[in-house]
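Trainee: According to TrEMBL, the protein has these features:
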TRANSMEM  B:21-39  transmembrane segment
TRANSMEM  B:51-84  transmembrane segment
TRANSMEM  B:96-116  transmembrane segment
TRANSMEM  B:142-162  transmembrane segment
TRANSMEM  B:191-214  transmembrane segment
TRANSMEM  B:220-240  transmembrane segment
TRANSMEM  B:252-279  transmembrane segment
Amino acid sequence: MKRATLATLAAATTLALPAAADTVDIGVLLPFSGVYAALGNEIEAGFALGLETYGNDLDVEIILHREDTEVTPATGLARTRKLILQSDVDAIVGVVSSGVLGAVRDMVDGAGVPLIVANAGNDAATGVDCSPWITRVSFSNSQVNRPMGRWMAEQGIETVYTLAPDYAAGRQMIEGFTGAFVEAGGTIVGSDYTPFQQTQDFGPYIAQAQASGADALFVFYAGGEAISFVNQYASFGAGDDLPLYGSGFLTSQLYVDAQGQSAEGVITALHYVPTIDNAENAAFVAAFRDATGRVPSEYAVQGYDAARALIEALETGARDRETLGAALRQVSFDGPRGALSIDPATNNVVQPIYVYETVQGANGMTQTVLAQLPAEADPVNGCQMPSLPTN
Amino acid sequence: MTQDLSFWTLQTLNALQLSMLLFLLSIGLTVIFGLMHFVNLAHGALYALGAYIAASIAGVAGFWVAIIAAPVGVALVGVVLYGGLIQRMRKSGPMAQVLVTFGLIFALLDLTRIFWGDLALAMSMPQVLSGQVDLLGVSYPAYRLFIILLGGAIFVALALVLSRTQIGAMIRAGVDNDAMAACLGINVERLFFVVFCVGCALAGLAGAVAAPLLSVTPGMGLQILIPTLIVIVIGGLGSLKGAVAGSLIYGFVQTFGAVLAPQLASVLIYALLAAVLVIKPVGLFPAKG
């Protein structure tokens, strides 16, 4: 798997014509080791595929500088500094952890280097801490959950119990959901935050939620915790009286095979699922499967769209930090996720959200899209966007 | 809802289940520590290895084969570790041992990552254990009950071996005074080796048993290390009784803390740990008086 990724990356690095007139240096800032290594590799695979798909006609040679952030903010900052000062990159793509994004924010903002965020969902990055140099093509934590709150209320669900790990993303996801659900007339009957990365045994919490008598359970878990949670939820036989809903990371394509039948019937919402029915997505899924042998996850599409945003910016003639930064904010296209654009007020992506049910398919678990919820821009959340310096 | 009897039954079972999983893990570590004065921090990494081996084998040969093969596989890794590293480190003092075995955690972690990849694996539980069982008026997952029973069975077996057999007497003698035991003609070296391998096998068993319940991730060995060390410090070094008492205290404090005082859940166990260290610095049931 890793070798295939590296091969496509090597291909991507040299894909432009040798006679290319210009070169741009792009930093790829992702975790390739540590607990988020799987996400880093998935985003990189998507990014490499995006460059290959959209970069062919470009009269620019793209030189990639790959740096491993691990999951440590200090390491992320050191690698960013290296990219900016030593490798002298024109733009940076990546960042998985919100903690790392928080650490590098001032560095890229101060140095005036465009950063295309390909994962980190921290609301503040396109809120209070927004920067004209930081463009997010992935998602924000509240963005993926807010529409779900409204949708669940519309389905006649009146009372909900919520669970999430106790850290910034967990809280933002639940707050995004809760705000919209309560506004739409629902009631939260109970809510717990589980100690992050300390608790893998969710039995006590699931039993507590079951006893609350709520109509539904809404949770956010990701990674290994998502697998544990869904498996344990199923083993308690809680499905009958307390159906499981959640943020789509819970039943991400990346983990759904490991969850197996436990994930059947779980309804979640996210900005991407591989079964979205449009031509762009069909082409993307086929190409990704050819390149890696697996079905792409939301992380892969974030890398893929980050590459596409970069290339669309390059196609406008942008070549250096200033012009790239300005061009990235204008980017909009129809991708595998549907119509994407960048909100000029916050530099955050505006995209549709999909509600989907995980079901048993012919080859393992798959997703049935139940509803496509309209794209809406995040509230400005205290972002005061300065204009880019023009020269 | 907290006055409800079924609430207490259900959460008590949850607490017992967590306790037994930690017991399986900490007993190996504590006996190695008590007997050999050897700080094997890599024990958690062996647990992760057990989970990976079990998940891989379960996919081919099923759950029951996996749960037997994993301890055997991890014990074999233990043999290699013992011959290559542990034996040489035995006399080199706790600081060197901590550093080397801590380094071993990362080496093993990266080896599992290179071998099995970054994505979390899962292991499905056998059909017979996948449902729920009605017990004392609550419906409880059969698999969790299986963990409780398995932990109990291992405890009884170890207690019998330690108290009733000759090898048990030799181990107890070695824990109490290894120099005197050697003078009495006990081959302490060989005893250490056997105990080390059994400890590794128990870590592998804990990993295999945990795999269907938790997900199998490269970091799981590191995550479990702190709870295991807390269990050992509370219970006291080197004793079976200490391991089971520490595990039960940890399981109950963690579980009931989570549901009765969720805001305090993550600090409760550390507060208890501090209290034990202040009142009884050697733990509640240390092997040596």
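Cβ from N, Cα, C; glycine included.
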Trainee: Do the transmembrane segment (B:51-84) and the transmembrane segment (B:142-162) share at least 3 Cβ pairs under 8 Å, sequence separation 6 or more?
Mentor: no
Trainee: Under 8 Å, at least 3 Cβ pairs, sequence separation 6 or more: does that hold for the transmembrane segment (B:142-162) versus the transmembrane segment (B:252-279)?
Mentor: no
Trainee: For the transmembrane segment (B:252-279), what are the same-chain contacts with Cβ under 8 Å, counting residues 6+ beyond its ends?
Mentor: 2, 11-12, 14-15, 18-19, 227, 230, 233-234
Trainee: Quick test of the contact rule: Cβ under 8 Å, at least six residues beyond the ends. What residues does that give for the transmembrane segment (B:96-116)?
Mentor: 38-42, 44-46, 48-49, 52, 56, 81, 85, 89, 218-219, 221-222, 225
Trainee: In terms of Cβ proximity under 8 Å, which residues at least six beyond the ends of the transmembrane segment (B:21-39) contact it?
Mentor: 47, 86, 89-90, 94, 97-98, 101, 147, 150-151, 154-155, 158, 171, 174-175, 178, 191-192, 195-196, 198-203, 205-206, 209-210, 213, 224, 227-228, 231-232, 235, 237-240, 242-244, 246-248, 250-251, 287
